[in-house]
Every structure is written in structure tokens, then in C-alpha cells.
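The structure under discussion appears below in the form of C-alpha cells.
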Amino acid sequence: MLAHELTSLQLPGKKKNNKYWDYFERKFLLTGGNLLKVRSSSWKKRRMYKLQEDCRTMWQESKKTVNQDQTFPIDDIESVRRGRQSEGLKKYTEASVEERCFSIIFQGHRKNLDLMASSKEEANRWVTSLEKLMNNIRNLNHKQKSEHWLINCMRKADKNKDNKMSLKELKHFLRQVNIEVSEVYAEEFFKKCNKSEGRYLEGEEIKHFYDLLTHREEIEVIFQSYAQSDGQMSARDLMNFLLNEQREHSPLAFFFSKKAKEQKRMTKDGFLMYLQQEDGSILNPAHKTVYQDMSQPLNHYFISSSHNTYLTDDQLKGPSSTEAYIKALMKSCRCVELDCWDGPNGEPIIYHGYTLTSKILFRDVIRAIKDFAFKTSDYPVILSLENHCTVNQQKLMAHHLVSILGDALVTRPLGTSMPTNFPSPEELRGKFLVKGKRLNKLDAAFSNNNTVEEDTVSEEDEAADCKENGQKSKPKKSKIKLAKELSDVVIYCKSVHFNSFEHARDSQAFYEMSSFKESKAFNLADTSATAFIHHNMDKLSRIYPAGSRTDSSNYNPVPMWNVGCQIVALNFQTPHKEMHLNQGRFLPNGFCGYILKPEFQRSLSSQFNPNTLTNGPWLKMKTFHVMVISAQQLPKLNKEKQRSIVDPLVRVEIHGVPADNCSKETHYLNNNGFNPMWNEKFQFPIHVPELALVRFVVEDYDAASQNDFVGQYCLPLTSVQNGYRHVPLLTKRGDVIPSAGLFVHVILLDAQQ
């Protein structure tokens, strides 16, 4: 059904040569081939894989008696890795087959698909073809994504594959796209399109049905209110719209048709294209790349940080994996944690000590970190060590760090003299810093008397706190012996116990940093906010979840950012609100993992307190106006039940200083996840916009139980574009939901306006 429409939709390519490669690569995938699927040393079976005709779904052969037709969407693929770059392939294959191997990495919790081709050339062709297809799909514009999605739903509804649509198939299709309508409405809709008065819609009738279905009434209203030139927008009309609504000055020449360009007019289709363009979304396009000053000292930035990075599930019996490090780093996490223990055969291991979590080699983790640390961001990565190893295995840890990371590991202060402040992220591009215990002061790095071989130091505060929570049986405040080799790679992030802000100010060097369990950090933020902020003006602070969070849940990171804490470590594997806020905080500035703190959190003269909000440069009274207009193509939550249709509502949340925290929501709409429309207006008073995040949440209303999550999007208020904007929606795990989104009108005004 509508197959000709699908083939007419051009996947973006660069130039003529791309069309040649697109054809042959797509033909290769559509033909498919046999690959060896690797699950273990004994489970290696040859299976058929090929692309389906929709060019959006891969089919894989299955020998199961039930569910033999197994498929997965191309949209679900996060990346394709050449060679033995997954845990499974490294463990279950020999180095000699490196060039024949590749892995398909999925979004979310789905296991990797580890595959082996019959030759190096075949493996390269699979990887190249899949990467090209993924890239083309990701580069589709909003209109193309929407069309592809709808046509795919039409195909599924066309049960007998006759490229026609009966009334029964039309009803099935509407349920597929998340709309429940009455029998009478469906029949009227069918008759309106059925010009031939036959039993089926076909050809132009299906096209007419498509046009009626995708008509955006709200866009029509906006367009007509500004189109004063025979139903089209003149250059003056457009400029009025841009100035009055969007607060921007864009020529938008691209969005005029050829005829409209000659007449200097914009059509309704051109207007919709403008509103749907990526740079016209709610996120300011200038913030999609690194736009902040990256030459400030390291402690002047919020740093995207992970807790117990090796875990993929809970804290007691979940698996540990190098994949967890890779996923965190690919999400621009810039501080990862390594809990190091003595392992067999003299090799240190990483796991959550005294629990049933699985164990992985320290060496393998460092190799994975080296390979993936700078794929998404080239700004520095901090390796936070929790060291429980004996001296001999510590020496091997130091050896692995130095030999694997090489020149990228910072092993002495930058420059030729003892520093008095941190270097900047810019100066540390492509570098690794180690956070851990150190035997002596940093100035020993410039001294010839640095002869201490090993000595005892107190263990990390987090290790002691875990014992206190009953997870570990040894007494609190243990001493450990520290090897000089491991001590010497700790340069700018020396771990020390926190006594008080006064003690830290008077007795600690800038590079001596403390870790705070969440309860202590929240107490300090409540009782000594200004002192905490001043502490973070020349030192680093790391916050970590309570040991009692055995389910890997998270604390709210926002109060910690409010007092200037840089390393606010969260369990990245847990996809809930706290991680959505973290993703929103680090969304702008090129998603590089570093966000420059507001000036009032960096200036020593500042007396900012987020709890009391006395007058100061931080107090900028604004009103954030939000009109939730509509949503488009929300995902169907229960795909197994055809008649399960979303009843959507939208909640708008503000997260920032306590005075700004607020939440408001629309009413819910019955049985319409395709094109629901609310037109509801909200106002939010904002005191400190530089610390505020706005989060849009879509839920499926349920009168009998908790609402179901549909999608969300979070970003800093300072990165919001004014005007009529489309808001993309993300899954719980932070992946884009193709073709789904909200349409809103937003504007941030001075409070008196």
C-alpha cells in the first residue's frame, strides 16, 4: 500500500555518487545473507539476516517453534562496531577472526547482536551498508520521518497486500496510529475519500485519505492569521511573524517553492516546513555545538558523572560490564567510577564489593574507556578510583593505566611550575585524569625527594559509607596501603576526607577534593548553601547516591547543581526522572559533558543562596509562558492490544531553585495519540533562569492506577527558543521517538511584561 510513495521519498545522500552506493548497498541488505551469530564459546549458529521491503526493519531467521519471524527496527540500532569490539566477541572468538567480526549495538537494555561473516570483505560490506542506511534514516527531515511511519502503518493494515484499503483495514490502520473512532466516524471518513464509491480506497483516494489525516488545523490557523496576501505569506507577512512570534530574523529562503520565490510569497506547505525544520525546534540551534567559554578552570563547570559505572542493573546482584562504560561515555559522561579489588591470577577486577554482582577485569575496562572516551566529546574524562587492592595489584593497575592510556593520561601537572588552579577543559582535551588517594602533596611532582614507595592512607569515604549501610562487614575508617606507582598518577583530583568548609578553606589545596554521600550533601545544601557554593569556587566536589539505593535509583541532582557541585554522580543505568534532568542539563554546549556554571557560582564576591534568594545579579524575575497546543504521532504503548489507545496529557515542569520549582498539566484527551490538541496556557514565575530546567512529559492517563509514561524532553530554560516550536520526545532511556513530538508556543519575558 502506497509503495510508490515510499520509493519516491528520497533518503538524503550527498551527491550523484551516493545514489549509486545507496542502490547497491540497499540491494545488498534486501538480499541479505548468512552470518554466524555468537552467544557463547559453544553457541555459534549460522542465521539468515536481511532488510525488509520497508527499508526500516531487519529480519533475522529463528529456529524457534514460536515467533519464527523475528525483526528489529533500524531505529533501535545505536551503532555498528567493526571487529571484536564487544564483550561477547572478545570472550568467545579468537583474535585471528578480528576482521570478520562486527556487532550491532542496540539502544536500551537489549543485548548486543554479535556476528561473524565468512570474510573480511563481507563483514565490511555489512557494516558499511548498515551504517549508510542508519545515517540516511537519521538524516530524514520531520516530514519524511512522518511519511515513512504512516506508510509503514498502512502496509501493516493492508492484510491481503493488494495495495487497497477496505473500511475494515482503515479502522485497523487508525488503531495502529493510535486513534480510536466510532463506527459512524470511520464510515464517514471512508465515504469522504471514496470518490469511486467502491468497496476499497485505492490510488488517489488513498492519497486523499493521507492528506486529510495529516492536515494540521493548528498550523492552518497560525498561517492564516499572518498570510495577508491571497492566502500566502508575503515577505512582510513573514517578517511580522518572525518578529512578533519567533523573536528571530531569518530569511528562510529555503522554504519558498520556486513559484513562491518568484512572487516572494510563502505557501502553507513552506510554512509547515519551516516550523518542522530541526533548527526551528525548541532547542536553540546555537547551543547544539560548543558555544560556552571552555578556557575556565575545571571546577567552574558542571561535569556529567556516573556512579558505579560498571553496573547495568541493581547494586547487589546485577551484572558488571565494559558495555556500561561504553554506553555512559557515548552519552558524554565525563566522570566514570571504578571499584577495584584483588582478582585471580594477580589481575585486579572491578565489581561492587561484598555483593553478588559479576566481576570484570580492570584491564578490559581501561581498554574500553580508551577506545570510546572521546567518540562523542573530546573534553577530559575523570577516572574515579575506589581502591581496595593490595599493593602488588595496585602496581599492576598503575601499569595498565600508563601502558594503555599512554600520553593521554595526565601524570604530572601541566606547565613547569606548581599550579595554583585547575587547568581548563580546553587545555585537557583528549586527556584522562585519575581521582584517588595520593601519598603526598602535588608539589612533590616537581621535587627530587619524592622517594616514598608506599604508605597507609584512609580509604575512600564512599567505601566506608557502604560498610556503614550494612553492605560490607569490615570496620569503618579502614586504612589501606597505597603503592607509589598508583599514587603518582593522581594529579588534579586527590581524594581527601571532608571535615568542614572552614577546614577545607584553610588547610586543603585546590586539587584536594571530597566525596559526599547524598544525605550529607543535601544537609549541607540546606544549612550552609552559600558556604558550599564558595567551597566549589576553588575545589571540586563529588556527590554519590546513598548505599541504601540497592535498586540503583537516584537522588534529585538539581539541588546539588544549585550549590555549584560539579561531579553529581548518578546511576546511568536507571532511566527515570533524575536521569532525564541530567540529560537535559548537559543537552546544550554540543552535548560535550561540560556546562559552564553561572557567573554568580564562580565569583568569590557572590553571596548567592538558592534557598533565600536575596537581591543580587542572579535574581532576574521572568515569566515563562507556555501554550501546549498539540501532539503528533505518539507511540502506541500496548502494541499487543489493537484497541489500546493512548489517552494523553502533557505536564510542564520547572526544576531549579526551590522558589522556581513548579508543575502544571493539561487535561487528558480520550483515545487519540495521533493528533491530540489541547490549546492550554500556563505561566511560570522564574527567579533564577540560569539554573532552571524545563521538562515536558507526556503520559497516558489511567483513572485506576498510575499514569503510563509516553515520552519526555528536558532542556535548560536558557536554551529555549521563543515562539511556535516543535518539541521532540524521548523514551525513558533518552532515545528519540521517531516522528513523535509536541507543538507548543513558548516565550520567556521580564516579569513586568
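FYI, residue positions are counted from 1 along the chain as it appears here.
Cβ coordinates come from backbone N, Cα and C, glycine included.
Here is what TrEMBL records for this protein:
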- 28-135: domain 'PH' (DOMAIN)
- 145-180: domain 'EF-hand' (DOMAIN)
- SER196: O-linked glycosylation site (CARBOHYD)
- 451-478: region 'Disordered' (REGION)
- 486-602: domain 'PI-PLC Y-box' (DOMAIN)
- 604-731: domain 'C2' (DOMAIN)
- ILE645, ASP647, ASN671: Ca(2+) 4 binding site (BINDING)
Quiz item: Where SER196 (O-linked glycosylation site) and ILE645 (Ca(2+) 4 binding site) are concerned, what is their Cα separation in Å, rounded?
Solution: 31
Self-check item: Extra residues within 8 Å (Cβ to Cβ centroid of ILE645, ASP647, ASN671), Ca(2+) 4
Solution: ASN178, GLU180, VAL646, PRO648, LEU669, ASN670, ASN672, GLY673
Exercise. Grab the pLDDT values for the domain 'PI-PLC Y-box' (486-602) and give me their mean, rounded.
Key: 96
Quiz item: For the recorded positions SER196, ASN671, which one has its C-beta crowded by the most other C-beta atoms within 10 angstroms?
Solution: ASN671
Self-check item: Neighbour count (Cβ, 10 Å) for ILE645 (Ca(2+) 4 binding site)
Solution: 24
Practice problem: Output, ordered by sequence, the same-chain residues six or more apart from ASP647 (Ca(2+) 4 binding site) with a CB under 8 Å from its CB, or 'none'. | Solution: TYR668, LEU669, ASN670, ASN671, ASN672, ASP700, TYR701, ASP702
